[in-house]
């Protein structure tokens, strides 16, 4: 398990996909080379996302602005706001791409986080495997929302686009419809894959750091059976040093994921609100495919808010549990210098560890519940205004 690739086995495929979609550096060294290959690698992200992602999102917002009524605007606003959160995520990962790459490299290669025994190896493999398959299912469900929407409109009598956006030509005819439909499908595929892979890498940073705090807890628990005071002191000092490094990683992770989590939480209340509003006008009998697709979309959006809140909460929980693990050590039989060292460590642990979103609020399950409540309040207000 100390093989470097095994430390983040759940992310290898995701990072490769992100490289292909211009969201993750190929390597910092190759992008700095003044060669044709280096130029392409530096600017590939712009060549891909400017004509498709950003143009497509701009056309969505233009369609929302020129809508004649609230019902028509609601049909495009729920997706436009979702894509606005994606813009923040893309700009954030581009801005922090060097920090993100170095953080992932450190998590993969740093000798400070090597696993010491088979128990730690089994624990790490089990958690990494669960994360990998859970997010594979999440990605498949998200892509299912896009392609079910793209498929449903093909069975309608009238010409309809799966996801509304402003088309600068008359597309409601057999010849030009497929141009509008093809760009719609390409734009939604690119934005969907970008969205879910950026969610995955952000959650993975939180998940990996929460695992490191759990690893600290396991090593503190192992000190319970340590009889030799000298070895006990050496192991305890090694744990202190590792804890300091994990705290530094936590601050780095917070700087990288904070903008995207903040935008996701702020905008998600509006996204769920407009999605619920649109469900009011999509009859399950008249258009069952679109109704089911909208339900899938709302479910994915709720999951998209829940996941960073859950993993942020895991960091806080397992960091706070270290205090209890110190009590479980064999501290009563230690020499006074070791007890003083443990006392100093306990004082250090009194400072809570939290991931904050833009220094506004702590990322955890309470903010998830508050976001869902705000979504319901906005939906109730919107329904009252429209009636």
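Cβ coordinates come from backbone N, Cα and C, glycine included.
Checking TrEMBL for transmembrane segment across the ranges 8-26, 27-45, 46-64 points to 46-64. Below 8 angstroms of C-beta separation, residues 78, 82, 138, 141-142, 144-145, 148-149, 152, 199, 202-203, 206-207, 210, 257, 261, 264-265, 268, 271-272, 275-276, 278-279, 282-284, 363-365, 367-368, 371-372 of the same chain, each at least six residues beyond the ends of the transmembrane segment (291-311), sit close to that stretch. Within the chain carrying the transmembrane segment (76-96), a Cβ under 8 angstroms from the stretch's Cβ atoms is held by residues 23-24, 45, 49, 53-54, 56-57, 60-61, 63-64, 67, 163-165, 191, 194-195, 198-199, 201-202, 255-256, 259-260, 263-264, 267-268, 270-271, 274-275, 277-278, 297, 301, all 6 or more beyond its ends. Within the same chain, residues 74-75, 77-78, 81-82, 84-85, 88-89, 92-93, 198, 202, 205-206, 291, 294-295, 297-298, 301-302, 304-305, 308-309, 312, 355-360, 363, 367, 371-372, 374-375, 378-379, 382-383, 386 sit at least 6 positions outside the transmembrane segment (257-279) and bring their C-beta atoms closer than 8 Å to a C-beta of that stretch.
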